[in-house]
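Structure first, then comments.
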Amino acid sequence: MTSWVPTPCRVVERTVETHDCVTLTLRPVTGSLPAFRPGQFAMLYAHGVGEIPISVSGIPADGTLVHTVRAVGAVSRALHDAAPGTVIGVRGPFGTAWRLDGVEDLLVVAGGIGLAPLRPVLGHPSRRTVLVAGARTPEDLLYAGDLLALSDVDVVLTVDRGGHDWHGRVGFVTEPLASIPLDPERTTALLCGPEPMMRFCARTLLGRGVPAGNIQVSLERSMQCGIGLCGHCQLGPLLVCRDGPVTGYPEAEPLLLAKEL
Amino acid sequence: MPTIAVWKFTSCDGCQLTLLDCEDELLPLADQVHIAHFLEVTGASEPGPYDISIVEGSVTTPEEAERIRWIREQSAMLVVVGACATSGGVQALRNFADVDEFRSIVYASPEHISALDTSTPISAHVAVDHELRGCPIDRGQLLEVITALLAGRAPDLPDTSVCTDCKRRGLTCVMVSRGTPCLGPVTHAGCGALCPAVDRGCYGCFGPMTRPNAPALVPLLKRTGMSDDELELVFRTFNANAEWT
Amino acid sequence: MTIGSDLEVVDMDVVLDLRGLDALIRVLAQDGRVVVGPVLRDDAITLAELGSADDLPGGWGVETGPGHYRVRRREDEAVFGHSAGPQSWKRFLHPPRRALLSSDGTGFHAAPESPVSYAFFGVRPCDLAAITKLRQVVGGPAPFVVAAQCTEPGEVCFCSSMGCGPGAGSGYDIALTERVDGDGHRFLATSGTEEGAAVLTRVPSRPAARHDVELADRDVAAAAGRMGRSMPEVDLRDLLAANRDSAHWEAVAERCLTCGNCTMVCPTCFCVSVEDRTDLDGNAERAQRWASCFEIDFSYLHGGAVRTSGASRYRQWMTHKLGTWHDQFGTSGCVGCGRCIAWCPAGIDITEEAAALARTGGGRP
Amino acid sequence: MTHRANRTLQVAGLARVEGEGALHVRTTGGRVDEVRLDIYEPPRFFEAFLRGRNFREPPDITARICGICPVAYQMSACQAIEDACGVRVGGQLRALRRLLYCGEWISSHALHVYLLHAPDFLGFPDGIALAAADRATVERGLRLKKAGNRIMDLVGGRAIHPVNVRVGGFYRVPAPEELRGLTGTLREALYDALATAEWVAGFEFPDLDVPHDLLALREDDGYPLDRGTPHVSTGIDFPVSEFGDHVVEHQVPHSTALHARLDDRVFLVGPLARYSLNSDRLSLIAREAAAAVGLGTVCRNPFKSIVVRAVEIVYAIEEALSIIDSYERPEVPCVEVHPRAGTGHGATEAPRGLLYHRYDLGADGRVLAADIVPPTAQNQTAIEDDVTRVVRAHQHLDDHALQSLCEQTIRNHDPCISCSAHFLDFSREGT
Ligand SMILES: Cc1cc2nc3c(=O)[nH]c(=O)nc-3n(C[C@H](O)[C@H](O)[C@H](O)COP(=O)(O)OP(=O)(O)OC[C@H]3O[C@@H](n4cnc5c(N)ncnc54)[C@H](O)[C@@H]3O)c2cc1C
Ligand code: SF4
Ligand code: SF4
Ligand code: SF4
């Protein structure tokens, strides 16, 4: 049962990203946690409130963990509000990671908070990376300043609704996908966002000749344990906490197409 | 200290009493919160705003319809408790009848009695944050809501059948093993399966769970010997006004 | 304690009479185990702690059917002459509620492990298989298992078509086969582990004659032919995978109450929800409780539940049980005990529904 | 100002009573013109919607008239329906009913004594403030209350609106071992109850000696609880079936609230009446406790009802222990009751006094008509009369003190306004 017991970690830094998102840097109060890989997640426990799955949004080399949390309900709100010094419980790493071995051109497509689990794959100097990120409004764009500063990444930002001082794109992330230059055979696409978004994006990419096997998605289901015991995260044959969240599109597509699966 | 106010609308007081029935927790709770209004317990009544308002009872008079709007404005969190507050309660039987006739049965001079023609749940008048089902509510669930709100977590109030609790308790299903009609399969959990524990079929005092499949239960109830009349009555008692189908 | 598995088969069959059976219960208890077995309680044969063989439901049988269960007097005094009841061993291996940890805000402490070591007495072969499947998922210490081979399947049983009975496969310490006839009331006892063999040496018995063994084998073999039901002989995993969009789910949903009884009585259904509790002093506790995929909040994601329709919830349960369990754990999740059929108030029959799917073929593409 | 001759006292929301009510007092030149206990609890029309219901339903439905004394409603309803059907429940089933009722008495009385009434005598606004000053005492009260609730949980399946009560008996009867599990708690509770009697007897009681007729049940084998014959302090008895001939409800001109009179006289039900007519029926320890705190055989000072309640708690615990002690599980959990056309009457002693039910049944078992007379409805005239006397005797007090005393006078009767089957009044003098 020790697998249920979190490691106490202290919030050492809290960065406000948007009106409802913060990035927390956590350091184990004592000892260390096993290394996380991009795409994996932790179960973060807010004392007395609850525990939820949150991806790693950064993997510093100093043994800290970085997570970006969007406040949507009680637990995520409590984590969002955790001031530096607060102790948070961490279990993990859990789940599958983005498969990056042998990747030539990397296309990263993120919707909203979906950018968080993808941030750790950005900025790898040895490969060409294109990032297409969407958000509801310019104010909801995560890490916007940092992203534009990344030298090795072509960044395309788009929002559902712009404002006076927004000069970028307005529309869904699928639109730039239809037109950005890419070499389909060489491209590996990583998608994370709402299910319909991932489906539409994958369709667009398939239409452009990207092989289905080159597309990876990050799935989301209710998770209460992270260790294949609670059963909530089932999506057809998958236990998403164990067999996901990162899944090849050929495997995921039929599951995403089934109603209420 | 967070302030709590307890309000009564048309009801039997049983749900409020549930708070006083938390004998072991009552005084510790009183140390942690400030009771700003609770007429059954104290004459001291303070003006709003209140952090948590707990509302018992249904709306059956024009004055009550006014008062609930005021309470909503004054309360950060509105928790409505019991079948009266969540579905209109047993007094909602008037919704299916001629209220003038009801008045004349009870009162010699019915013209003095100012009551609305319907008994309606609080949610028909204002937005509510949490609903506690039951006639009466369950003590454990009441404490759960209060402690959850104090801790800032979401209260754990499973929206599922009485059967799930019945089974967790290890009770033997009275419907399957004795042919006793039971509303457990369509009734909202929360009581801890009290009736099956005393060899009785559930009579639905917690009201329907979300998406109850009552049409599938009806033939089973008939098979266990319920007449059409009884079937009508059993869904029209303590949560008569709720959506059973 | 050794794990009740197929470590080593010790061939040393003996025959016990009721006195021997009673002694067996007492020996297991003397060694510090809580002995749990079938008892007659609340008009059903349920599971409870046994003090002696007198606690067993001697002379009681059951009559089962879809949505139907009644205890009935038997003509003999058999103690294991009943098929699966409302409870399963899951209750002990994976209790309905279990504390996980406590938190004071800075430190997290695992809840103490239960110190109880169980001896399960009279485990039917279907349940023996279920114990193995359940433990594969939830782990925990192995119980000492006294199996009772099935010589009397019920109307809703189909373990033989799931390959889980009526003979006890692996996983027992001792297997009993009961027989009541003109030669008396007796139990052929076979040990499955060294520990089982050692225990058997401590109870009064006589060596088994070839005749005893033959009778037992015959009774068990006959039971295989008397199952009330069977699963269609198709690859169930493929069948369910192919029927994700079948219109048949709607037909079941009309009858299904989404009450969750089937999952709760199932000896392998393991899903749990985690509950957070806080007290007024700022301490928090986390616990798990049995959950059901029929609960509407089971699939809750921020914004709403994924599976709201009854059809999608029934599909989830049956597909998991018979199909995707293979993908997740390399085996079927169903052992054919028939509990979900008997204890479904609506009498929905998983074998019937599987047959209906098989009849309609692979469903829509 | 405080001694002014003409004044109006208005208590808009009576606290520490069950349900919602108000008090209105008007005096002119030292004369008390008007005292009105207003009930603004909205009507719930129980008697109306009981019509057409199945004869098995009133125990569950009428329980919902009052969350404080649901067992009383269930017991009176069962008795009335059984009476209509020609069934009498006796033996261990009756004993279990009595046990359940003891639970309600203990719990309801403990609630009233500690949380609602004692603060009046000790000058606290409420039981919570009392606990802040004397936690151990309030904890004792809560312990007592919990002991009562444990009986109801076990026998009734739930403390508020028990699920295990039915016409003819119960759904499930407990095994003797289950009941014996309560013995330890109840033995401790007995000490708490005796301490309670001693504690409340030490309060200061304003003088008041009410001349009303007293009405309570009386029976041969013990203090009245679950049955008995109505008995009046004037010496008359009448069968329960004649209740309606003696206790007549009527509307008073200034109010729509129904008031009741007994043979056209003001009367009182409840602990004072019960005790004064039955003190000889108390069990041993309760009788000793009554003597020890100086309660005579008759008590006519409503302020002392708190002492009577404490003695009744002692009685209920003793009675519960004795029932548990001689309990054997009945063969069947309930006797069969078949409907038949006719009328049935039932009366039991709710914690607040006699509670009467009458049902007219059709041959098919449908309720044709129902009549429910709760104790608070019967006491309303007496309560107003008490307040009149108190105001007259304490004209010298300032408004605040007089108002508090009036409220305390009302709380003497633990009025249960939620038992609103009958009464209601929206009209209030606006001064
Ligand atoms: C693998 C994975 C990675 C995630 N990574 C991130 C991340 O990096 N940043 C981030 O902000 N969010 C992430 N989420 C989503 C996040 O877990 C939910 O927003 C969160 O669970 C909501 O919980 P709540 O209590 O605040 O809200 P509520 O809506 O009140 O949820 C109540 C409960 O339902 C369950 N639940 C609700 N929504 C979800 C959900 N989307 N996924 C799983 N369980 C849910 C949880 O048990 C939760 O406690 C991730 C989800 C998954 C499955
Ligand atoms: S007794 Fe009722 S609540 Fe319990 S499982 Fe059966 S049908 Fe459901
Ligand atoms: S089982 Fe049903 S009727 Fe009985 S208490 Fe629970 S919800 Fe109410
Ligand atoms: S299959 Fe039967 S037991 Fe299972 S949820 Fe449906 S109705 Fe309930």
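Numbers run from 1 along the shown chain.
Even glycines carry a Cβ here, placed using N, Cα and C.
Features of the protein shown, as given by TrEMBL:
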DOMAIN    A:4-100  domain 'FAD-binding FR-type'
BINDING   A:CYS225, A:CYS230, A:CYS233, A:CYS241  [2Fe-2S] cluster binding site
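Taking the features listed in TrEMBL, we show where each one sits on the structure.
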residue  : record                        : DSSP (3 states)
A:CYS225 : [2Fe-2S] cluster binding site : coil
A:CYS230 : [2Fe-2S] cluster binding site : coil
A:CYS241 : [2Fe-2S] cluster binding site : helix
Subject >> Secondary structure content of the domain 'FAD-binding FR-type' (A:4-100), with strand meaning DSSP E or B >> reply: 8 helix, 46 strand, 43 coil
Subject >> [2Fe-2S] cluster site, defined by A:CYS225, A:CYS230, A:CYS233, A:CYS241: further same-chain residues with Cβ within 8 Å of the Cβ centre >> reply: A:SER222, A:MET223, A:GLN224, A:GLY226, A:ILE227, A:GLY228, A:LEU229, A:GLY231, A:HIS232, A:LEU239, A:VAL240, A:ARG242
**OP:** Output, ordered by sequence, the same-chain residues six or more apart from A:CYS241 ([2Fe-2S] cluster binding site) with a CB under 8 Å from its CB, or 'none'.
**Re:** A:PRO53, A:PHE94, A:GLY95, A:MET223, A:CYS225, A:GLY226, A:ILE227, A:GLY228, A:CYS233
Original post:
What are the non-local neighbours of A:CYS230 ([2Fe-2S] cluster binding site), defined as same-chain residues 6+ apart in sequence with CB under 8 A from its CB?
Top reply: A:MET223, A:GLN224
